[in-house]
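Quick look at what TrEMBL annotates:
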type: TRANSMEM; residues: 7-27; note: transmembrane segment
type: TRANSMEM; residues: 47-69; note: transmembrane segment
type: TRANSMEM; residues: 81-100; note: transmembrane segment
type: TRANSMEM; residues: 120-144; note: transmembrane segment
type: TRANSMEM; residues: 156-181; note: transmembrane segment
type: TRANSMEM; residues: 201-223; note: transmembrane segment
type: TRANSMEM; residues: 235-257; note: transmembrane segment
type: TRANSMEM; residues: 269-295; note: transmembrane segment
Amino acid sequence: MSIKRVIINLALGLGMMLAAFLLYRVFSRYTLSDVMESIGTIPGARILSGLGFAAASYLCLTGFDWLALRYAGKPLSYPRAAIASFTSLSIGHNLGFAALSSGAVRYRFYSRWGLDAEEVAKVILFCGVTVSIGLSALAGIALLINPQDAANLLKLGPASLFALGCACLSLPVVYVILSAIVRAPLHLWKWSFEMPRLKLALGQVVIGTVNFIFVAACLHQMLAVQGQASYVQTATAYVLANIAVLATHVPGGLGVIEATVSYVLPGAASIGALVAFRVIYFLIPLLIGLPVFAISEVVIPKPRQLPSEDRSQQSAHAQTQLL
């Protein structure tokens, strides 16, 4: 077993242990009847609007792949991009290590539709950058508009939070500027990234930010039952929770999202709201994505096998793009 595989397995094991600990901290004081009663207090209209915002988020995510395929020079029809995106992310969101889990599912789809390993790696990298840009943009907005809730968790002063918010907002701005003036690939240690065209970069900023706005809106619909959390407060809590998820790689952010939101918004984060959000944004898409993936394995023809030497070269190119 390679050292990289050992590290991944160790990180996954630690993530599972952390998830179990956080879930215990969040849920230990509740009984199952308490949880069900709390969920029952959420009006049907809130559930429906939460489902709508979740659907809008996944619609944005399909746009990630649609743009990424153009960046890779392999544009496919929107329905194909949408199927690959939704299926891979509905599974990847729940497994953790999204670049690996959703990336593996993406490869299953795109390799059958004519992309080689290097081109799939470009799609995965492009989508990962779009996530980072969108999260950074919303984080900057949240930190500048609502620094108090962030200060409670990060333990930073007003000046530090202002600087951090400006830094977060500067990332998408710098990215767009670089896309307009830089044509040669950028190299940083082992990483290599070819800047997209300006139009694609602008699309990344817009769709990446709007995606997280919709996810925060979905969570807000659940928390708003208590009437103690504004949308901006909810967005702040969700951004901080996502940063914690990215740092820990806990599968599906299980326990991390709930613990972070409960800490930032103790008066609004009812246990029913947190469970309902997880069911709407994570579980329901997973229950749809798994059978779609299973059916695709049967319906979509497998790609023509390449000689072993060519496959080795493609694998090496893909690793160079991702590492």
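Yeah, the Cβs are placed from backbone N, Cα and C, and that goes for glycine too.
Automatic prediction, not curation, is the source of TrEMBL annotations.
If you look at the transmembrane segment (269-295) against the transmembrane segment (120-144), you find fewer than three C-beta pairs under 8 angstroms, all six or more positions apart, and that falls short of contact.
Residues 75-76, 78, 81-82, 84-86, 89-90, 106, 122-124, 126-127, 130-131, 200, 203-204, 207-208, 210-211, 214-215, 217-218, 221-222, 276-277, 280-281, 284-285 of the same chain lie 6 or more positions beyond the ends of the transmembrane segment (47-69) yet place their CB under 8 Å from a CB of it.
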